[in-house]
Amino acid sequence: MSKLRMPYQCIEKAGKFLVAARGSSIDLFSLDDLSLLSTWKFPHAQGLSTKGGTQSTTKNHSINMLETPALDTEPPHTSPAAKRRKLSDESSTQAVEAGERKSMTKPNSRSDSVASGLEDPAFITLASTRGGQHVIAVTGEDKTIRVPMPKRPCAITITQDNSTIIAADKFGDVYSLPLLFSELEVDQTPGSIATPRTESSSKPFTPAANELTVHSQRNRRALENQKAQSNKASEKPELTFEHRLLLGHVSMLTDVAAVDIQGRGYIISADRDEHIRVSRGIPQSHIIEGFCLGHTEFISRLCIPQGKPNLLISGGGDNELFVWDWLTCRLLSKTDLQSLIADVLLEYKAKNDGSYPKDEIKVTVSNIVHAKHADWNDGADMLLVTSEGVPALFTFLLTPDNILKHIQTVKLPGNALALTTYALTPEGSIIVSVDSIHKPGSITDCRSEAEATEPLRLYMFRGNELNNKSIFKPTNAYDEKQSVKLTNLLYNLENLRKRDGEAKEFE
Amino acid sequence: MHNNLASQTELQSPSVLYLLNLAIMVGPANKRQKREEYRTAHREEAAPELPKKKFYRQRAHANPFSDHQLTYPISPETMDWSPYYPAFVLNVAPGGTQTLSKDVEVADIGCGFGGLLVALAPKLPDTLLLGMEIRSQVTEYVQERIKALRAQNADAHLYQNAACLRANTMKFLPNFFRKYQLLKIFLCFPDPHFKARKHKARIVSATLNSEYAYVVRPGGIIYTITDVEDLHNWMVQHFDSHPSFQRVPEDEQEADECVSVMRTETEEGKKVERNKGKKFVALFRRLEDPEW
Ligand SMILES: C[S@@+](CC[C@H](N)C(=O)[O-])C[C@H]1O[C@@H](n2cnc3c(N)ncnc32)[C@H](O)[C@@H]1O
């Protein structure tokens, strides 16, 4: 077993806790003393999956809801074993129990290209409610379904009234589901633009057209195909929870945001084909208000600064970060990120490959996080940005004329993976998860044990400047020779870039 | 004779083999080359004949989900329409970007070989019509067809208001048109995609209808026609259940001159006619967006 600690692919602050996902486990840390409170493991061994024997070939997607410990309870002073039970028994029982009740399997033959390759389904994204009571954790693949999703959600957000989860999937659809899944019913009510399923399996199959109504040769061929295919049983069981289709792109969705402004709700969705779409909020999400168009590569991250809800910062495969007035779909400014990244990476690349052409270095924005605190820099808005495979954190000041001004390149001991802010009065802190398995600047080369580093770090603002403060008390989780597979889990955004002649099917 | 040949073959066997191989290689390429030569020649002709369809055929289905190597404007504001509608270019100051005296207001989505465009253009002389087609060679055919028609009708100044470009409208419609820019969209004989698994490739869906609503202004019309009853029902169901659209009553539908053009002038419409098939028509009006 290697001495390298497992890195966290996503982290999320929830009240006084930090929720951090490594592979298929979730660690809960106290933000008071940075101690590990407990670990929640994917309930794989708890009878939810077909244990032993043949592995089921089903691959499912689920949303898991964890309840964080009550905010007013003291952190438990018990043994690690008891602590672990605390999270798995009290905190997530609801979700797991609910899961067992609602458990169902859904076959999905599509091979998942972003599958982690790890044995258990890995968490791919986390979101917390505004008060921090609940954390939503989404797995990339799964063998049983707790809260079944028709397609793998690739981005989720929670509406500002804390009532609804908005989930975007890689097939381009955006769905809503209630945050607390109480009544499970198929919903086809107003607000949903989904039409009832027509392909009921109970009815005998009748082809949609017959030879008399099909006239062109190709239509006739299609009909023959259809007949040949038709006698299989319907593959998809009905969904059994309230779940509405809100809107959709014919493209892979990469991020979604829900914003309230001037008393109205909006949904902003971004895709691989360079579109940022602004739609009305529920229940009028079928109305598109506009598109923020200007990116020339995939978009991967959207950020709406708190307190400035009319602004949107977007980034992805383009060399620049974009600042928008999204209500009017106006581009306000663009700021170069590529040369900042190149400056960092050239240091590492030069070490290994000698000279390296600077413009070949690609930007793949993996985080854009807004940080603001009344006591830093007179309450200025800071944006913290990371790019896949780059061991640095870039900080920008959002100026009053809506320009991003580069302030600092904070070198990290490993590639930046995830980050979140945490306000500790009077200073603001940033928690960064770094890749503790791969060498800084590389997404494939593993560290030697001498190069081991801790996966979670805390940085603090002093004025505009970020300083390394401390590290989290680590888990006992070590990499178990899965680092190659981990690459897919930790670095999957660059795959969004279009390659010449590529014919990538969504199916 | 036989002997003779045998000895010849023996003697020249290396070169004979070489020739045979060449023949195999040249066979199919020849046809392709002929088509390419024809198309190049047609492109370069100043006042060409109408193009021949057989040199522009392409396999029927292009996958609307794949990347292709499409070119599309970053946004409607960056689209240069001047090569498509040269007769409508405003003369602007040198160095300034060229603009048109009007915007495109009618789109024929999946226009195929352009029958509808060519029939509608003289009927709507003051409106710019755009055919959008995902198959590149079919697009080129329509472009050559329009070029020839413009040349043949130069005196009457016809067909200047019709153009065609290659686009995957399922992905990139908002790159070409601003909000509320269009007056009419035609969806004529769309690919039926019979299998349920393929339904998401249909050009009409709950989510795509929101994009049509975005580019069409309130009062504008979506025209649909198909020979596949199931697809007709699908389109009616999806537009009817979309809050931005309302079906146009039949009397109004039949009074619309575009409807008869759509029935008789599209290539698919003609094919169905020849086979004495049924055609199902439905029109939908874009409603005002509600207050909120
Ligand atoms: C059956 S043909 C109908 C052609 C023509 N409208 C007619 O009625 O004769 C459908 C056409 O739609 C085109 N098409 C399919 N999907 C498309 C898309 N996403 N964008 C643009 N064109 C598309 C196909 O290439 C094909 O030429």
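All residue numbers here begin at 1 and follow the chain in the order shown.
Even glycines carry a Cβ here, placed using N, Cα and C.
Note that the structure is predicted; figures quoted are calculated from it, not measured.
Taken straight from TrEMBL:
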ACT_SITE  B:ASP191  active site
BINDING   B:GLY110, B:GLU133, B:ILE134, B:ASN168, B:THR169, B:CYS188, B:THR266, B:GLU267, B:GLU268  S-adenosyl-L-methionine binding site
Field: Within reach of chain A, those binding-site residues of B:GLY110, B:ILE134, B:THR169, B:THR266, B:GLU268, CB-CB under 8 Å
entry: B:GLU268
Task: Inside 10 Å of the Cβ of B:THR169 (S-adenosyl-L-methionine binding site), count up the other Cβ atoms and send me the figure.
output: 25
S-adenosyl-L-methionine binding residues B:GLY110, B:GLU133, B:ILE134, B:ASN168, B:THR169, B:CYS188, B:THR266, B:GLU267, B:GLU268: largest Cα-Cα distance, in Å and rounded to whole number: 20
Query: Around B:THR266 (S-adenosyl-L-methionine binding site), which residues of its chain at least 6 apart sit with Cβ under 8 Å of its Cβ?
result: B:GLY112, B:GLY115, B:LEU116, B:CYS188, B:PHE189, B:ILE225
Query: When a 10 Å sphere is centred on the Cβ of B:GLY110 (S-adenosyl-L-methionine binding site), how many other Cβ atoms does it contain?
result: 22
Message: I need the CA-to-CA distance for B:ILE134 (S-adenosyl-L-methionine binding site) versus the residue listed as 'active site', whole Å please.
response: 12
Field: For B:GLU268 (S-adenosyl-L-methionine binding site): DSSP state (helix, strand, coil)
entry: helix
- prompt: Which residues does B:GLU268 (S-adenosyl-L-methionine binding site) neighbour through Cβ under 8 Å, counting only same-chain ones at least six apart?
  reply: B:GLY112, B:CYS188, B:PHE189, B:ASP227
- prompt: For B:GLY110 (S-adenosyl-L-methionine binding site) and B:ASP191 (active site), what Cα-Cα distance in Å is obtained after rounding to a whole number?
  reply: 9
Other C-beta atoms that fall within 10 angstroms of the C-beta of B:ILE134 (S-adenosyl-L-methionine binding site): 22
